[in-house]
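**Q** Straight out of Swiss-Prot:
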DISULFID  Cys1-Cys18  disulfide bond
DISULFID  Cys5-Cys14  disulfide bond
DISULFID  Cys9-Cys20  disulfide bond
Amino acid sequence: CAPECRSFCPDQKCLKDCGCI
């Protein structure tokens, strides 16, 4: 996922919209 998404989900799988699984 994109870096800005990782800040939201550091140790979860990120979705394309930066959501978490």
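Backbone N, Cα and C define each Cβ position, glycine as well.
Predicted, not measured: the structure shown is a model, and the values here were computed from it.
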**Q** Is Cys5 (disulfide bond) helix, strand or coil when read with DSSP?
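**A** For Cys5 (disulfide bond) - judged by DSSP and reduced to three states - the answer is helix.
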**Q** Rounded to the nearest Å, what's the C-alpha distance separating Cys5 (disulfide bond) and Cys18 (disulfide bond)? Just drop the number here, would you?
**A** 5
**Q** Taking the Cα atoms as reference points, how far is Cys9 (disulfide bond) from Cys18 (disulfide bond) in Å?
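**A** A Cα-Cα distance of 8 Å.
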